[in-house]
Amino acid sequence: MAEQPCLRPPDSPAAPNPQAHPRDKWSKKMDFLLSVVGFAVDLGNVWRFPYICYQNGGGAFLIPYTLMAVFGGVPLFYMELALGQFHRTGAIPIWKRICPIFKGIGFAICIIGLYVSFYYNTIIAWALYYFYSSFSGTLPWASCDNPWNTPACTNYFGKSNVTWTNFSRSPAEEFYTRKVLEIQKSGGLYDIGGIRWQLLLCLFLIFTIVYFSLWKGVKTSGKVVWVTATLPYVVLLILLIRGATLPGAWRGVVFYLRPDWGKLLSTEVWVDAAAQIFFSLGPGFGVLLALASYNHFHNNCYRDALVTSAVNCLTSFLSGFVIFTVLGYMAEMRDVEVEDVARDKGPSLLFITYPEAIANMVGSTFFAILFFLMMITLGLDSTFGGLEAVITAVMDEYPQVLAGRRELFVLGLITVCFLGSLSTLTYGGAYVVKLLEEFGAGCSILAVVLLETIAVSWFYGIQRFSHDVKAMLGFTPGLFWKLCWVAISPALLAFIVISSLLEQPPLTLFEYQYPEWSISVGFLIGASSFICIPLYMVYKLVWTPGSLKQVRSDNPRAPGWAGVGRDPLWGAGLVDASL
């Protein structure tokens, strides 16, 4: 079916008219800013950035990271905030007003959001389990005297003449693998075993918190983020001060920042820098579109984009000091190099390495409670944003059915996410988490962002988009932003996607080598979201009345054209008549 005709010329954009159902608004500007910061600053800032930084040249890595932020991450961050604020709608229906044939991007974003919710909340549930376990006089991962420990368990803190070998396992590692996950009861992906009921309860509590934070919309979530988005910074500061006073902390800092200029000649370093900034800032997940859609029309989203993206990047840099002061301390205690201590990345850094160091500090219980409380709040913020993107997109697409039924719809969505997470709560659940983390939102989300940028810049038109921004802010984006949107950012995204597809390292976890069939399943998971885009294009071409030539000739696209009629496939760069 063809889209509604557009009566307004593209060079004179206007503010949207009031909708049939009044749209929620943020109660305060800070509610919006904290929500955006809370989404962008997540668990990846604490583990992924420090690891990638030291792996790719230490201080020298900051050069490609900064360049990728300036020319890629921040421009797309700005673009999504402006799109959401101008059109005041979610990731699915917004394409009716931009470029209808690309509407499949909205459906792909929602599917990716579901995949992320299937595993990301399980990681928060692990943190909740640790948080509960921290309320004890002696932390349960501080010694090898527990029923779950094996002869390989080696506790070297506070002891002399202890030899650390490649076969040694720390108490923290065995607590994580054998007590929290009980992964020894799984034979791999072909035998993941039963569900850990303790983790099931933790996940149920997490989703209960998420539901009551989102069920009323931004009126409730905007209040919750005052705690969940600010508390991590208080905790990070406390942990930084404590880490700086530990023996050997300086070794970790030197290792973290020591420049290795030779690394800059490696393509892999630039790919890692670009991937880190895009995943960290989060364009393409539909979250920025959704959150900005509840802003006032003339809100200064340009300033918001600069401030929140700067906060995100600085938080990543700060978290590196928090992590590496502790890694330096552990290297001092083990009498090994920092590199040997810091070989693990991902959740292992959060659930093994750092807790191990905390267990051997003075006041270990207090710092363990603080650390895992920080992890829970960091994770919840990102969950709020990710699910709000899906909620806003679907409710705006089907307002006749879902208007006034937000609480019921959110309950149904949370139930689907909970059921989809059950496989990650099994004895082999960590293997499932790793698979979803690698493929659920890997290349697929980057490809979605690439197509989104092309659709807005090349099909909707950079000049029309600039007119929209001017209508909101009173000024047109500068040449730098236009160049980034049209050419530089898409080129960077294409570079990352192609490089990622060409280089597929073997997938392993805890010395478990993922079988070939599981990699094929992973690619199917990634393709299942992206396939929505070409499928919707085919559907639109088949069901649009008339031939393609007739559609193109009956809907002029000349700039400034104000005639009745609108290209039902490409939108002709005109904003919908409802605006």
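Our numbering is plain: 1 for the first residue shown, then up by one each step along the chain.
Cβ coordinates are placed from backbone N, Cα and C, and glycine is handled just like the others.
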For CYS153, what is the disulfide-bonded cysteine listed in TrEMBL, choosing from CYS110, CYS144?
CYS144
When you scan the chain for residues with a C-beta under 8 Å from the transmembrane segment (195-214), skipping those not six or more beyond its ends, what do you find?
121-122, 124-126, 128-129, 132, 180-182, 220-221, 224, 380, 383-384, 387-388, 391, 410-411, 414, 417-418, 421-422, 425-427, 429
Contacting positions for the transmembrane segment (351-373) when only residues 6+ beyond its ends and CB under 8 Å are counted:
126-128, 130-131, 134-137, 139, 141-142, 157-158, 170-173, 175-176, 180, 231, 235, 238-239, 242, 246, 323, 326-327, 329-330, 333, 341-342, 344
Do you know offhand how many angstrom separate GLY38 (Na(+) binding site) and CYS153 (disulfide bond) by C-alpha?
38
Give the one range among 226-250, 270-294, 306-331, 408-433 whose Cβ atoms make the most pairs under 8 Å with those of the transmembrane segment (62-83).
270-294
When you scan the chain for residues with a C-beta under 8 Å from the transmembrane segment (517-539), skipping those not six or more beyond its ends, what do you find?
101-105, 107-108, 111-112, 115, 189, 435-436, 438-440, 442-444, 447-448, 451, 504, 507
Between VAL41 (Na(+) binding site) and CYS153 (disulfide bond), the C-alpha gap once rounded to whole angstrom:
35
